[in-house]
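Here the structure is laid out as structure tokens; the discussion comes afterwards.
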Amino acid sequence: MGSLEEETPTTSCSKPPGIRFVEHMKRSTISYRTYQAMVLILTFVAYASYHATRKTTSIVKSTLDTDVSTTLGSYPFSRIPFFRLKSSNDSRRVGGGWAPFDGTDGSAMLADLDLAFLLCYSFGMYFAGHLGDRIDLRIFLTVGMVGTGIFTSLFGLGYWLNIHHFSYFLIVQMLAGLFQSTGWPSVVAVVGNWFGKRKRGLIMGIWNAHTSVGNISGSLIASAMLQYGWGWSFAVPGMLIVFLGFVLFMLLPVSPESMGSEDEEEEDSPKKNNEGVIEPLLEQETVVIKDSAIGFFEAWKIPGVAPFALCLFFSKLVAYTFLYWLPFYLTRTAIDGKYVSDDTAGNLSTMFDVGGVLGGILAGHISDRLNARAITAATFMYCAIPALFLYRSYGHISLSVNIILMFITGMLVNGPYALITTAVSADLGTHSSLNGNSRALATVTAIIDGTGSVGAALGPLLTGYISATSWNDVFIMLMIAAMIAGLLLTRLLVAEVSEKIEIARSRSRPASPRIEV
């Protein structure tokens, strides 16, 4: 391993102001375990706030564009009885809204906003990972959170300033996307600095609940604020993330080295061994031999990065279509012959994220027990295909059926998404082919999630245009994407299965007799 101590001196001056103050009051240093707990809590709250601001747009969509006419269309699936919305009234009154989104092309314009946000997010992600491995992650996260809060609030400011120019909302969303890109590679890198591979899937599966918690809290806050004007649905989450950004600046311990802390009992520490993902994911290949920040193209050469990044492209396409369009879809779907209101749809959509919490924990735990990330992720994606079909087919029957199917769909869709963006990214960022290099986590995480975010941009965009004609076709697109996501892991899956078979055979072979001399 390279001379990490030379690159990151363990001096107290690098400690955050809040930690220095606490240690001064205690007249003793903070323990390693306490630092770990602080990291989990602070990064959890930080990224939950990122997602809370990201969720607001989906809640406000049906208020900006109140054209809720529903068209089944003359498409093959619309002729199948269980694939049709069974309602005596398949349309609702057109009226209200907010210019320029209140016209006939309102859905397409909202889809363009999603595209602009997510393209800037994915584009910024690649640079964010590159920067995150080179500068102080605490400062980097603070700037990202404050910037995200400012531009989220500026979108809502359009309500009070009576702005109706599409270009204003477009520019604000693009800049918000750039600042949002700082979050994910940074928090994963910080967590990866403090936790080794043992039980990483379970720990990060639980920790990754911040995504769903952020979506849920963002939905509830935005829905509650709608009664006061849709501007508040953006302003409140925006102000909240700015406040949390300053809290993070005061307290976040980036790495054990920067805190001068070392866990003598932790054999699985990422800095104490040259850990990597299990062999089936990889072929041994030396990418770097020194402890310097890894290059963008070097990171792509790490075995397992490319297939998981491409898998996440299609996995996030499905997940983000639900993130941005589920409340909108619910207001346009007759459930038991009735349509739900905007705020009810926002609250109801949280069940998808509740299912996502369980899915992330299950995927992490199962992958730890099996020691097989690819098998777990691919299985979840294949199971998501019938879940999507059933939700579209039977979700209209009753509210309870809709909630149950939405919960199951969220569990299966978000499970592999959570696993790949957390445990898999951290595994690959500390892969054995890096020869112990500790400065690749943010770059690898950014490559995987940045590639996934391109799919996240494509899904909502296509949905905005396709849904104007048929929601059936939207769900067909999502099922195809889920299938491709699973197929992209076939090579890794086969390697993992082969390894499991070889291990089982080696255990069943009788031990060779020992010859005493």
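Using the three backbone atoms N, Cα and C, a Cβ is placed for every residue, glycine included.
Remote same-chain partners of the transmembrane segment (30-50), defined as residues 6 or more beyond its termini with a Cβ less than 8 Å from a stretch Cβ, comprise 19, 22-23, 141, 145, 148, 180, 183-184, 187, 190-191, 194-195, 203, 207, 209-211, 213-214, 217, 237, 240-241, 244-245, 247-248, 251-253, 256, 259, 261-263, 266. The feature transmembrane segment is assigned by TrEMBL to 30-50 (among others).
What TrEMBL records for 41-498 is domain 'Major facilitator superfamily (MFS) profile'.
Per TrEMBL, transmembrane segment is recorded for 108-127 (among others).
Residues or ranges marked as transmembrane segment by TrEMBL: 139-161 (among others).
Per TrEMBL, the feature transmembrane segment maps to 167-195 (among others). Long-range neighbours of the transmembrane segment (167-195) within the same chain, counting only residues 6 or more positions beyond its ends whose Cβ lies under 8 Å from a Cβ of the stretch, are 35-36, 39-40, 43, 46-47, 50, 53-54, 57, 112-113, 116-125, 127-129, 132-133, 137, 140-141, 143-145, 147-148, 151-152, 154-155, 158, 203-204, 207, 252-256, 270-271, 421-422, 425-426, 429-430, 438, 441-443, 445-446, 449-450, 453.
Sequence annotations record features per position, and here TrEMBL assigns transmembrane segment to 232-252 (among others).
Long-range contacts of the transmembrane segment (305-325) within the same chain: residues 54-55, 57-58, 61, 114, 118, 215, 299, 349, 352, 374, 377, 381, 384, 388, 409-410, 413-414, 416-417, 420-421, 424-425, 428, 444, 447-449, 451-460, 463-464, 467, 474, 478, 481-482, 484-486, 488-489, 491-492, each at least 6 residues beyond the stretch ends and with a Cβ under 8 Å from a Cβ of the stretch. Here TrEMBL flags 305-325 (among others) as transmembrane segment.
For 345-363 (among others), the entry in TrEMBL reads transmembrane segment. Beyond its flanks by at least six residues, the transmembrane segment (345-363) meets 58-59, 62, 201-202, 205-206, 208-209, 211-213, 215-216, 219-220, 222-223, 226, 322, 326-328, 330-331, 376-377, 380, 399, 402-403, 406-419, 422 of its own chain at Cβ-Cβ distances under 8 Å.
According to TrEMBL, the transmembrane segment annotation covers 370-391 (among others).
According to TrEMBL, the transmembrane segment annotation covers 397-419 (among others). Nonlocal intrachain contacts for the transmembrane segment (397-419), taken as residues 6+ away from its ends with a CB within less than 8 angstroms of a stretch CB, comprise 201, 204-205, 208, 211-212, 311-312, 315-316, 318-319, 322, 326, 335-336, 348-349, 351-360, 362-364, 367, 373, 376-378, 380-381, 383-384, 387-388, 390-391, 452, 482, 485.
For 440-462 (among others), the entry in TrEMBL reads transmembrane segment. Long-range Cβ contacts of the transmembrane segment (440-462) within its own chain (Cβ-Cβ under 8 Å, at least 6 residues beyond either end) map to 111-112, 114-115, 117-119, 121-123, 125-133, 137, 181, 184-186, 188-189, 192-193, 288, 293-296, 299-300, 302, 305, 308-310, 312-321, 323-325, 417, 420-421, 424-426, 428-430, 434, 474, 477-478, 481.
Marked as transmembrane segment by TrEMBL: 474-494 (among others).
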Close approaches to the transmembrane segment (474-494) from elsewhere in its chain (Cβ under 8 angstroms; 6 or more beyond its ends): 77, 280-281, 304, 307-308, 310-315, 317-318, 321, 325, 373-375, 377-379, 381-382, 384-385, 388-389, 391-392, 413, 416, 455, 459, 462-463, 466-467
The domain 'Major facilitator superfamily (MFS) profile' (41-498) [mean pLDDT, rounded to integer]: 79
